[in-house]
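I have placed the structure first, in the form of C-alpha cells, so that the comments after it can refer back to it.
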C-alpha cells in the first residue's frame, strides 16, 4: 500500500473539464476524462481527469501483464485487479472529495465473455481489457466550483491547470466515408436467421449489430467534444491509452457496486423526444402501452435479477424502480433499477462478471444469444457492447467500489483507424427493414459528431 497522497484545492469557476483536459493531457501517452449529464439536463456533480500512469493492467491475446511484468492467472484474468490495485493504494484524507478518490479506469471488450462463459468469441485488434492507475487525478466539483488535484506533486499540474488555453485550428483534416460490415440485404438475411432461432425455441431475443470503419486525421478528442454536445448522457468518457482510444456517451449502466450494494439499470424501450410538452407526454404514453417494448423490458429486468442473484444474498435482490421514463436530450427510455446485497465472499469483480455483457447488447438467454451473435455477425465487436468504468482502490476490508457503463454510442480508435457500431434487438415479429434502420438511427448522433468535430478542429464552430 502506498502512502498518503497530497490534495490541492483550487477554485474552478474559470475552468472546464474539457479545457483543463486539453491543457494537462498535451503530449501525454495516457490520459482520461470522465463526465456525466443527469437525465439530459444538468451536468453531474463531479468530473474526473487522469494524467499519466503509475501502472497498467492489460489482458491481450491471452497474456496478462503490467507495465513491466507478465502475470499468471488461475481463474478469470480480471480477478487480478484487486491485488494489483492493493500495490498502488493510497489514502486521501479530505472531507469534500467524492467516494471515487483513486483506482483503475479502463475498458473491457466484449470478447472477455470467452473467459467467463464457454462461448468462443472472435478477438479484435483491441486488448480484451485495459486498465490504468493514473499518476495524477483531477476532480471537478461543479456544485461548489472547486477542483482537487490528487498527486505526489500537485504543484507540477497547478501551473498547467491555471495557464491560459490556446487552441490552434487545423483545417486540413479528413474523414473517409464510413464503410459497413454488412450489405443491407445481408443484414436482412441474418435477421431472418435470428428469427428462425427464436421460432425454434433457442432464444427469446438476440441483439444483432452493424459496424462501420473509417480513417481520419481528426484528433479523437474533438470527436468527443462534438459528441458531448450532440448526445449528452449519464456516462461520458474519453480514454487515451497509447494508440488506443475509446470515447463515448453512453446512457446505460452496466453494473455498479457501492459498499455492499450491487445495482444494474436495464434500459429497453425508446421513443424520440417530442417537440412540445404535449407531444412528449403522448410519446411517453405510447411507449408505456407498446406491448412489444414492455415484454422486452420485463425480460431484461428478469435477466438482471437472475444475474444479481448469482452474487447477492438470498432474498435481497429487488426491483427498486420499475419501468420509469427517463428523458435525455434526444430520446426517452423505459428504465428499471435492480439491486441486491452482496454475499460475504463476493466482490465488485464478481458482480461485473455475473452481469457482463449486459442483456441489452446480447439477448436472452444470454449464452445462447451470444453463440448466435458469433455465428451471424461477420466481424469482432471489440470494445463495442463491453464496458467502460472504474474499480476503486480496496478499502481496509478489501472491498472495491465499481461503476461501469455499457460501451454503446461510442467510437474506438487504433491510430487513425476508427470504428463505431450499433445493434437492434431481434424478436419473433421483428421486421428486418425496421431493425436495419434502428441501427442507423442509433448511429445518427455519432455520424453527426464526425461532421461537427471537423468544424471544431478547423476553428469553424
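The backbone N, Cα and C atoms fix where each Cβ goes, glycine too.
Sequence-distant contacts of residue 236 (L-tryptophan binding site), defined by Cβ-Cβ distance under 8 angstroms and a gap of at least six in the same chain, are 34, 35, 36, 37, 224, 227, 228, 248, 249, 250. For the recorded site, residue 236 (L-tryptophan binding site), the DSSP three-state label reads strand. Residues annotated as L-tryptophan binding site in Swiss-Prot: 36, 234, 235, 236.
What Swiss-Prot records for 269, 270, 384, 409, 423, 424, 425 is chorismate binding site. Non-local contacts of residue 423 (chorismate binding site) by the CB criterion (under 8 A, 6+ apart in sequence, same chain) comprise 207, 208, 209, 210, 361, 385, 408, 439, 442. When secondary structure is read from DSSP and collapsed to three states, residue 423 (chorismate binding site) falls in the strand class.
Among the features that Swiss-Prot reports, Mg(2+) binding site is placed at 296, 438, with the record citing similarity to another entry. Within the same chain, the residues at least 6 positions away from residue 438 (Mg(2+) binding site) whose Cβ sits under 8 Å from its Cβ are 422, 424, listed in sequence order.
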Rounded Cα separation (Å) that holds between residue 270 (chorismate binding site) and residue 296 (Mg(2+) binding site): 11
Assigned element (helix, strand, coil) containing residue 409 (chorismate binding site), judged by DSSP: coil
CB-centroid shell, 8 A cutoff, L-tryptophan site 36, 234, 235, 236, site residues removed: 34, 35, 37, 44, 233, 237, 249, 250, 405
Which of 36, 270, all binding-site residues, has a Cβ with the fewest other Cβ atoms inside 10 Å: 270
Reduced DSSP assignment, residue 438 (Mg(2+) binding site): helix
